[in-house]
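If you check TrEMBL, you get these features:
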DOMAIN    8-81  domain 'Concentrative nucleoside transporter N-terminal'
TRANSMEM  29-47  transmembrane segment
TRANSMEM  99-122  transmembrane segment
DOMAIN    102-202  domain 'Nucleoside transporter/FeoB GTPase Gate'
TRANSMEM  142-165  transmembrane segment
TRANSMEM  177-199  transmembrane segment
DOMAIN    210-413  domain 'Concentrative nucleoside transporter C-terminal'
TRANSMEM  211-230  transmembrane segment
TRANSMEM  264-285  transmembrane segment
TRANSMEM  297-316  transmembrane segment
TRANSMEM  358-381  transmembrane segment
TRANSMEM  393-415  transmembrane segment
């Protein structure tokens, strides 16, 4: 039954993307079929081969090492608020109340931001991105600029990735711009990977491995969904893309990375406060409506009903789709960080272990309303000539981003 549900879900997701296509006659099905095949093979390799399981165990040890290092720094600055020993006795069973998100977990963003700049300066990240880009060009027939930007999204953010191809944006077709935007929506930045893995580690075994796998697979599902919805209609560009210089020295990389990390950290904290407050405000307003089955109507409940069918498509048991639908709704309306925290705070028996893993993949992307403003603002500033086109593709890119992460989740649901 699970296999039938999974294949039905994959077909349904592809059919939805096809139904919203702007040019069905222009769709090139051969590269799409190749992309689906590559996506499935990579998913099997990442999730089933023992060598990759060992690799993911090492990644989880890396997460722990980064967490320990960050805690050392936060303890030095914030004392017990940052994870150090408390100067008073904590009651048994209330240890969790000492976990302060802003002081203990979120500072991981600072460390990862600085680390990513260092890896970029020493040409490690560019080498990985260029290799991935080359494979995308050769197997899926995308242009060099699209391949580079889409591949970069596996490691860097939704604004930084198109920045790598800024000079080429003005000559891109509508379909190519759409693929670049969807890539930003269906992936997460390397600077928050460790944070999300750390949050999920108590509920999802090998969380870092799943987050990293999702980031790679979503690059391919991005092209599958985006090229179904808006095909690339041009001669392939053979331009050689030169990656920009990010820092002049290792110390400069640390300074710039930390500075960018501070901006990101403050933005995350501010957005969390505002979005959680707005949800609370909406729920207080909904309390005036009649209860259903002796339960008050909440925004999470409404979103659960709306998104429930989509989570059924990705392999979630029928008995759990309202819960997972609520998580997906929270992810789209608010953001994936709040959705992951909600997943963490669910009762232990609310979801099967398999469902938790599937939802880890389904929510592993920036596709939400807040990101819409970020990507439109960033890309219109980079290419004012394409302003109207970028704005017109905004909402559609969020929708496609959700479909792309759900496609990956459905494939994973068939394998695990």
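The backbone N, Cα and C atoms fix where each Cβ goes, glycine too.
A TrEMBL annotation is a machine prediction, not a hand-curated record.
Touching of the transmembrane segment (177-199) and the transmembrane segment (29-47) is ruled out by the presence of fewer than three CB pairs under 8 A, sequence neighbours closer than 6 excluded. Proximity of distant same-chain residues to the transmembrane segment (393-415), defined by a Cβ-Cβ separation under 8 Å and at least 6 residues beyond the stretch ends, is recorded for 2-3, 6-7, 9-10, 13-14, 16-17, 20, 39-40, 43-44, 47-48, 174, 177-178, 181-182, 184-186, 213-214, 217-218, 221-222, 224-226, 229-230, 310, 313-316, 328, 332, 354, 357-359, 361-369, 371-372, 375-376.
For the transmembrane segment (358-381), same-chain residues at least 6 beyond its ends with a Cβ under 8 Å from one of its own Cβ atoms are 158-159, 162-163, 169, 177, 180-181, 184-189, 196, 200, 204, 207, 210-211, 213-215, 217-218, 271, 275, 311, 314-316, 324, 327-328, 331-336, 339-340, 343, 351, 387, 390-391, 394-395, 397-399, 401-402, 404-406, 408-409, 412-413, 416. Residues 2, 5-6, 8-10, 12-13, 279, 282-283, 286-287, 289-291, 322-330, 332-333, 342, 354-355, 358-359, 362, 402, 406, 409-410, 413-414 of the same chain sit 6 or more residues outside the transmembrane segment (297-316) yet have a Cβ under 8 Å from a Cβ within it. Across the domain 'Nucleoside transporter/FeoB GTPase Gate' (102-202), DSSP helix (H, G, I), strand (E, B) and coil residues number 78 helix, 0 strand, 23 coil. In terms of DSSP helix, strand and coil, the domain 'Concentrative nucleoside transporter N-terminal' (8-81) has 67 helix, 0 strand, 7 coil.
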